[in-house]
Amino acid sequence: MATIRSSVCNSVLFVLCAAQLTILLDTSIVHVALPAIQADIHIPTHQLQWVVTAYALSFGGFLLLGGRMGDLFGRRRMLMAGMALFTAASAAGGLASGTGLLIAARALQGLGAAMIAPAVLSLLAMAFPEGEERNRALGVLGTVSAAGFTVGLILGGILTGAFGWRWIFYVNIPIGILVIALAPRLLRESERLRQPVDVPGSVVATAGLTLLVYACSAAGTSGLFSVRTWSFFLPALFLLLVFLFIESRIGNPLIPLEIFRNRTFVGAWMAGGVFGSVMGPTIFMLTLYLQNVLGFGPLATGFAFLPQEITVLVAANLIGRYVSRVGVKAVLSGGMLGFGAGVLMLARISTEGSYWSVVLPGMMLIGFGVSCVIVAGAIAATAGMAPQEQGLASGLWNTAPQIGAALGLAVLVTVANAFSDGALRHEPGLSTPVSAAGVTGFKAAFFASIGFVAVGLWSVLALIRKTNPFEKPDHND
């Protein structure tokens, strides 16, 4: 009987890991293919960011609603619906012949991912009893999650180089079909809660954030004080204020605003946003730099990021062992300093630059910062929370990097475009003078990202008071 149960549990874990891997692959697999996508369907560089941003914004914006809908309508049902949407959107992305359809497909992929991610964790908790068995399953899922980003970069390079960029989308289709086919046979459905869903709050918040990203992008092409920029910014501000009003008045809010009275949570949440605002734009700009300036191919570009991901895995393991000794505040502060040192190193890139002496050290320093934030930030975000607040705190923590990546990419690409005097909006195959102008833009963007790092460091030093992650802070701590 034990052997049979072990076999069933392994099958359940396989299905859940396959679903988790799919949505994490798509956070990175597209990056390496960006130059090929741009060349094929002629996307201007100031719009190219939306191939990445649309996924991150939709994923982060609807993640909390996806978790809530799983509670209400059944988590297995939500996993299957999300995977069906994700698979269909992947097919649409692979078939896209223009910018609008591709960006729409990426947004739908993000919505599907927002339905899948919360369901995976909940279904795993249902399938594995608390204790050693669940910890082992969570360890496997965590390893798959950590490896997913790296696998995405390398797989993106392989598929783009061998078969063309459209296959970075088609590869999701057989995995999606497999998960949908196996889920009814292996996964148990959860009990459904009977409570209202805060759909208005989720839709208004995501719409507001989307318009805010559009405003940041418009500032780079039309000017900070142009009518076009403010036609996005003012509605964005209005919608975000409406969201705060809705959450303060509704009986069952998507985000109870009281959680932001916890200073330690707010500090960790802001650190998570800085993680996304540095990591997302860095990968975007380095992909273009490595391929368009240094002449790397898609596969070489994928492997170029491998040392950074190895740094993340090794450092995260070590930090996980010692964070209880030094405290989350010290670890998060070290992470912010790692980000700062990394982007300053990358600001030294040039048209004749070296991967080994400039890009690699910068990426590894940023990788160290990522390790600090993903370990200590998750601990700080949930430390001292009441049991009924743990899910909310964890969900909000997971949204921060996604939203940070979307906003950070919009701001830093705007800076890069401004300083390159439009050079980044040319198609690939750049002449030397234009390449130099593009590199100038990248350098300016890396310097500008120090502003994000400064905000993150302030949030850690000013807001996180307790250095021991296992102390129970009071609610205002």
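Note that Cβ sites are derived from N, Cα and C of the backbone, with glycine treated the same way.
For 12-468, the entry in TrEMBL reads domain 'Major facilitator superfamily (MFS) profile'.
Sequence annotations record features per position, and here TrEMBL assigns transmembrane segment to 12-36 (among others).
The annotation transmembrane segment is assigned in TrEMBL to 78-104 (among others). For the transmembrane segment (78-104), same-chain residues at least 6 beyond its ends with a Cβ under 8 Å from one of its own Cβ atoms are 19, 22-23, 26, 37, 41, 43, 47, 50-51, 54, 66, 69-70, 111-116, 118-120, 123, 166-167, 169-170, 172-173, 176-177, 179-180, 183-184, 187.
Marked as transmembrane segment by TrEMBL: 110-128 (among others).
Annotation source TrEMBL lists transmembrane segment at 140-161 (among others). Sequence-remote contacts of a segment are chain residues at least 6 beyond its ends whose Cβ falls under 8 Å from one of its Cβ atoms, and for the transmembrane segment (140-161) they are 13, 16-17, 20-21, 24-33, 36, 120-121, 124, 167-168, 171, 297-303, 305-306, 309-310, 312-313, 316.
What TrEMBL lists as transmembrane segment is 167-187 (among others).
Note on the transmembrane segment (199-221): residues 46-47, 49-50, 53, 57-58, 61-62, 64-65, 228-230, 232-233, 235-240, 242-243, 246-247, 250, 253-255, 403, 406-407, 410-411, 413-415, 417-418 of its chain, located 6 or more positions outside it, place their CB under 8 angstroms from a CB of the stretch. The transmembrane segment annotation in TrEMBL covers 199-221 (among others).
Summarising the annotation, TrEMBL assigns transmembrane segment to 266-290 (among others).
For the transmembrane segment (296-318), the residues of the chain that approach it from at least six positions outside its boundaries are 32-33, 35-36, 146-147, 149-150, 153-158, 160-161, 283, 286-287, 290, 355, 359-360, 363-364, 366-368, 370-372, 374-375, judged by C-beta separation under 8 angstroms. Residues or ranges marked as transmembrane segment by TrEMBL: 296-318 (among others).
As annotated by TrEMBL, transmembrane segment applies to 330-349 (among others).
Taken from TrEMBL, the feature transmembrane segment covers 355-382 (among others). Under 8 Å from some Cβ of the transmembrane segment (355-382) lie the Cβ atoms of residues 264-265, 267-269, 271-272, 274-275, 278-279, 282, 286, 289-290, 294, 296, 304-305, 307-312, 315-316, 319-320, 323, 328-329, 331-332, 334-339, 341-346, 348-349, 390, 393-394, 396-397, 464, 469, all in the same chain and six or more residues away from its ends.
Residues or ranges marked as transmembrane segment in TrEMBL: 403-424 (among others). Same-chain neighbours of the transmembrane segment (403-424): 45-46, 49, 52-53, 56-57, 60-61, 209, 212-214, 216-217, 219-221, 272-281, 284-285, 288, 430, 434-435, 437-438, 440-445, 448-449, 452, counting only residues six or more beyond its ends whose CB sits under 8 Å from a CB of the stretch.
Look at TrEMBL and you will find 444-464 (among others) tagged as transmembrane segment.
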